[in-house]
């Protein structure tokens, strides 16, 4: 039955190059080697020799690929050395050289991958076995709060709010009751510390995009019952798509010429910054990592107890895949090893298989539990080879000039699961995955579906089934536009699906139930009056009501 009532109306290899440089305390630290510019040459042990394809017994195409790879790598190393020469301050230069060594390691692997190919054999991909995914409901209930003394919480805080039309770090966007993502996270840890009389450190991994603003913002938490630590993830140079050379010409090049290389960089940066050693020195053994915009990622004693009891070095929280999550990374068994499979790794002919909810039931929430000593081991032993995600972009270079085609090489923290001992997934309830990526998500978490207590959102006990699916059109992409058009969040306790497209404005105290679709045709506006009740309706142009 359709209802609409208005008030009053009743409705991203050159062999022999140095590998990544480590933090000074690391046993694998080394002195940077400088390579003189050269072409047509590869390194053979400690001797230089001119490469002659005629002497190579490999197939011509492979010999060409390897020669091209060596040349591209040597050119990149020379370019990075020149970049380092532009840094004046000695301490800054040392840190920058470390980052460029790490970047070069990533770039070299990228070249190898391009030459050899790294496609997974689809026939060897299987859903995870029972030992690789544990049900949350099968975990022992824990009240062992002493474990909290060995835990630190890390939020990935490198992203900006630009996708939602905001300036500055995404973490400072107001989410609920005048509080930002950062405010809510701080309140959660404060309450945890106060309630259990512990001191769980709160760690933020910032990027060069968010660090300055974040440092200013966290001053307001001084005097609070919380210990906040920060470190920066790496700043890598974007590279020209055609020449594969760095876009920046010097250390102080425009910010647009650099990029943060994804959250897979957390392991290197945590170690190189000294933060990892700092946490270990204070007795911290485990790290709970999540995206700063996932409001469902709160400390869970049952998972922490499971981490302690099993001795697992890495646990990934997974949740049941829905139609809205079909493109999300999933956990797989690959020749007996647990791995993360992203859609970018899937051959086109198998994309539908990947999206199948029946074959791949889970997806990665990016809530990760880690053993700090294990992180130290895999980083210092150069064991991490995370799958590289080449991100192709066009960046603006100035008025009247064509955009620049660039590539930035990124990695994801979830891809590290295969490098740790005892790694597995825990299938958690959906409530632990509450991300806010768009204004559609923002509308959901602001609604009466959730109540806020001690920085944690809890879904209303009377709500039956999953949270509603909300799709807002381009008119609601920016937070400012969203707030202007929906100044008061409707009551949505009984809502299943909401789609709003076009210039639509909602009045105050509107109630939405069932499936509601509101579409304003181009050039027209729909104003839903205050106090309206919309249930199972399609509203178009001139408020025509259609049975749905």
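Positions of Cβ are set from backbone N, Cα and C atoms, glycine also.
What TrEMBL says about this protein:
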BINDING   170, 233, 262, 293, 437  UTP binding site
BINDING   263  substrate binding site
REGION    1-29  region 'Disordered'
* Could you round the CA separation between residue 437 (UTP binding site) and the residue listed as 'substrate binding site' to a whole angstrom and send it over? => 16
* Residues satisfying Cβ distance under 8 Å from residue 262 (UTP binding site), sequence separation of at least 6 -> 389, 410, 411, 412
* Asked: Among all the protein chains here, how many other CB atoms are within 10 A of the CB of residue 263 (substrate binding site)?
  -> 23
* Lowest local Cβ density among 170, 437, which the record lists as binding-site residues, within 10 Å -> 437
* Asked: For residue 170 (UTP binding site), which DSSP three-state class applies?
  -> helix
* Are there any residues in the same chain, six or more apart in sequence, whose C-beta is under 8 angstroms from the C-beta of residue 293 (UTP binding site), and if so which? -> 159, 170, 171, 181, 435, 436, 437
* **Cα separation, residue 263 (substrate binding site) to residue 233 (UTP binding site) (Å, whole number)** => 8
* **Number of other Cβ atoms within 10 Å of the Cβ of residue 233 (UTP binding site) across all protein chains** => 28
